[in-house]
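Notes follow once the structure below has been shown.
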Amino acid sequence: MSLTFIIGRSGSGKSTYILDSIRKELIANPQGPPIVLLVPEQATFQMEHALVKTEGLHGLLRAQVLSFRRLAYRVMQETGGTALTPINEEGKKMLLYKILQRRKTELPLFSSAAEQFGFIEKLNKLFDEMKRYRIQAADIDEHLSYLGGSSQPLLSAKLKDIGSVLHEFESELANHYLDGEDVLMRLAEHVPESTYVKEAAIWIDSFHGFTPQELSVLASLLLHAKEVKLALTLDRPYEQGETPHELNLFHPTATTYCKVREMAETLAVPMGELVWLRAQDGMRLPRARHVAKLAHLEQHFERPIPWKGGHAHPASLSAAMSECDASGSNGADLLPVAKQAAMRANADAIRIHAAVNRRAEVEACAADMLHHVRTGKARWRDMAVMVRNIGNYAEIIKTVFQDAKIPYFMDHKRGVLHHPFAEMTRSLFDIILGYWRPDVVFRFVKTGFILPLDGSVTRLDFDRLENYVLATGIEGSRWTNGKPWPAVPSLSLEVEEEAPSDKERSAQAPEWIEELRQLIVKPISHFEQQVTKAKTVEGKCKALYEFFIDLEVPKRLEQMSADSLFKGDVERAREHRQMWGAMIDIMDQMVEMVGQEEMSVERFFGMLETGLESLKMALVPPALDQVLIASMDRTRPDQLKHLYVLGVNDGIIPARPVEDGILTENERDVLQDIGLELAPGIRRKLLDERFLIYTALTASSESLWVSYALADEEGKALLASEVIRLLRRLFPELEEHLIMAEPNEFMAETEQMAYIAHSEAALRHLIGQLREWRKGRSIKPLWWEVYRWFQAEPKWHDRLRTLTSSLVYRNQVEALNISTSRKLYGKKLRTSVSRMERFVACPFSHFASHGLKLKERQVYRLAAPDIGQLFHAALTRFAMDLKDGGREWAALTPEEMQAESDRIVDELAPRLQGEILLSTKRYQHISRKLKRIVERAVVILGEHAKRGDFEPLALEMDFGPNKPLPPLTFTLENGCTMEIIGRIDRVDCADSEQGVLLRVIDYKSSQTDLKLHEVYYGLSLQMLTYLDVLLSNAEEWLGQEVVPAGTLYFHVHNPLLVSANGMTKEQAEDQMLKKFKLKGLVLADREVVSKMDAPLEKGYSDILPVAVKQDGSFYSNASVATTEQWDVLRHNVRDIIQRIGTRITDGDVHIEPYRMGTSKACTFCSYKPVCQFDELMEGNEYQQLSRMSKDEVWMKLEGGGDEHGEA
């Protein structure tokens, strides 16, 4: 037994020394005693490959590359100890979930936290850490008394809960399971019994430090192995009793060196001769021997000395190596000074880049890699990308490298919750436990596992079923009770203007829907019965397994894998293949741990979900010649020529550790003070970041690319890391290259070459350059060559044509030709006034809604239009019932009006959206609130009736073919006929000296007013058109001509009265009346106004939008119009309608939404995803409409209306 240290700075050749030594042994004596190369788990593949590819070596019978855990299984296979059932990370977390649920009432702190996402992950991480540092539940109990109770109450409470859970956790594992963290302790115990270890030479490489468990194993190996040789990245040896300064760059490895040396001395293990691989005066370390700049970076990283050109500075080297010369220790075969002097200093050995964003950073990195490969300077396996936080770059790298066809392997573990199989499993239980909520049901359906493999039902069919379910509000027991489902409920209490199409009727057919319903319900209901019937965890796992088999999950996963492989996504293909085994492993772990325990479905699912949440997949590199993408703290690549370090931003490199565990940094310090030592805290981790950065930056032998982003994906500014400042101090002459997202006219043509590194990037940037050219800017001849290349390549023709067409694309649509327009609308255009208003707001919106008949997906919920329709129907019904009963509104008391309105709302509520107001307690509460609003409205309308002489003449008056009143009919300029149809909410009449007065009242659930400039532009035509219909047909309808008294809006609401000093009942009633003041336009006639508000003599009316002066005339702000002005309005409205009709039938479908001040047609438009209107896009401009005063509008209207905004 002996211990030999192999030390040297980064790049000194330690791994090469070990591999060469092993190779020599294997070649010299292939059948000799075992050789074990012990490395971290993630380095095993790389080191094994390095040995296997040795020329002249025909096998590795003697040598094995192992991690600590693989060594443990190898030793226990020989000595026994593998009889215990292994438990993986998922199994431990599921066991913790079970313990936390079982002891919830006994854990004051953890009882509520146990349900939080990620808590079990953190608790398991803490327990793993405690095991590595050999802390058991008994140790926690013993040290609790040292806290003194009151000094650290929160920490004491935490430790009590931790100790309580850990006690049971240890008890569950003891004598039954083999925890991954216990494996090393068992290894240490079994090493003395292992003949394999006793005969073996142990080489240890690529470690910077060891946990207490690993140190125990190392101690056992030192005592029983033939020899142990340990390599550490270290600048010098340390004497006995000497310790490294905490700011020392090599503090992690120096501490390890001192610990291991002290342990060897304690165990009386002989020390072998130190192997110190170092650079002598005038020489460089092997890795950077060809590149002076990289050597300078490695030598002066901790104490920056500016680069002065040439090779390394002899004085600085001799000062650093004086102790080495005195020791006379071994060295490696280093490059002679004469040969070094003959080598050129590579000017591009170190490059710094600042990219405008991360995408541009990765694009430039990919372009440089392609250049290296094409020029023969490197193969893919000679290059690597390193980042500190791989999450910031994973998706960008994946996209860019796939476009560039760069083979790569991303060395990080992936969670599986996103996988369709995991999502299907989770949604399955969510359906059972969540009362068959529609969103959960269709989460399950959209995973695709329910689709028949024969293709008889498609995803589109289930999409249509989802539309139906959302429209009808199907949920809960309605899925499973077997009762037929109803048709899609009507959206209105009114008679629909258009009947559903045949296609819509077939989609609502119960037979068609029932087939899809059963495809979902049958397997899930059967599983629900089986999993509920099974009492034990084993029985529930069996039910789940049978459910998977019934759905042919293994076959589907194989198909998904084949599809991904066909698309070239090898990583996703392997993920699909692994998912089945991963799921079975989780269920096996559950059966092993708690198989015979009885458990509710809810707890069973919680345990299963905990396993899925913690499941991470690590993939083996699928090929040898590929770029490695790795995180600095996980992977230590070897034999690299070119290294790309991305994301060197402040706060990212060096990383800022954060407290995200169960114990805070201060609490860890307290535990260390009382003798419970855990892993290094945040301060130590932050200091050790320097060493991590040092090993990363010195990993390549030919070039180093360092880059950072100036902004993140959201455009927020990012700063350069202190590492950039360090490199600038080391190499003052280094120029920082700015990486733009797109080439620009200020770049030289050679610089722009980087943007055509591969065809996808070239095509994308070509389009950008051509767009600049169209704007009148000059572009380099290079881009015309690129254009001609794509033109000459047949496989790019279609994409080139498509993309170049975007250069002249205007987001507009041409007018429909006459034949298409006639097919859509017919030669006789039958339309409503609201439809014409929609056309004026935006012709394309009208085309989408009435031409293409596009509709939003109907959802079973109470929306503002539904409430408005209820108000309309209730108030109309109230007035009708009064009229039919021969009663007058003004004669009713408030109590009678409220009782009558309540009765009407109760009758109407079940008819609204398939009884939606009765469906839940929430909607029943809303129904009561709506009832109060209707009560308030009828009482106010009763007060209106008392104050005037107007009485309802007609309610819900339809006009159109075969209706009480005929349509307004026009012959358009293009020969088409247009009929205006609709329904008038309420027509009131009163007798006067001038004749019969008529006014139109419309009920609105939102504040609405008649604005003359909106009438002028054609945005508000409804009320005036209704009045025109009445005036045009009055003689035939009433037998006499009538006088237009006004068009008014009544706002149905329940306003809140606010007063700082309170108010009397009478004052409150007056204020309430004012809140319901009618809006609109009234005939400028004192008699007419008195017929509506008899008490008004002067001043402002409480119920009308008018104000009367002392002399009986009207104030200028009164909403009134003379008889002549009413005629002008009527004439202009007719002109506007005819112009709109002509434009519709001529096929006008332009994307021209209006904008008036802050009001836009697009604000509430449902068709924005269809038209894709964007003001920044060429061809997209708003119809700019200006607000005008009343006088300006009257001037334009009376002038003939020849400049209407809609024309």
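Cβ coordinates are placed from backbone N, Cα and C, and glycine is handled just like the others.
According to TrEMBL, the feature [4Fe-4S] cluster binding site maps to Cys842, Cys1162, Cys1165, Cys1171. Look at Cys1162 ([4Fe-4S] cluster binding site): DSSP puts it in coil.
The domain 'ATP-dependent helicase/deoxyribonuclease subunit B N-terminal' feature in TrEMBL is assigned to 5-298. The average pLDDT computed for the domain 'ATP-dependent helicase/deoxyribonuclease subunit B N-terminal' (5-298) is 86.
Sequence annotations record features per position, and here TrEMBL assigns domain 'PD-(D/E)XK endonuclease-like' to 831-1172.
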Where Cys842 ([4Fe-4S] cluster binding site) sits in the secondary structure, as DSSP reduces it to three classes: coil
Remaining residues near the recorded [4Fe-4S] cluster site, that is with C-beta within 8 Å of the centroid of the site residues Cys842, Cys1162, Cys1165, Cys1171: Ala841, Phe844, Ser845, Ile1151, Pro1153, Ala1161, Tyr1167, Lys1168, Phe1173
Other C-beta atoms that fall within 10 angstroms of the C-beta of Cys842 ([4Fe-4S] cluster binding site): 25
Where Cys1171 ([4Fe-4S] cluster binding site) sits in the secondary structure, as DSSP reduces it to three classes: helix
Residues that sit under 8 angstroms from Cys1162 ([4Fe-4S] cluster binding site) by C-beta distance, when 6+ apart in the chain: Cys842, Pro1153, Lys1168, Phe1173
Neighbourhood of Cys1171 ([4Fe-4S] cluster binding site) by C-beta distance under 8 A, where only residues 6 or more apart in the same chain count: Asn811, Cys842, Phe844, Ser845, Ala848, Ile1151
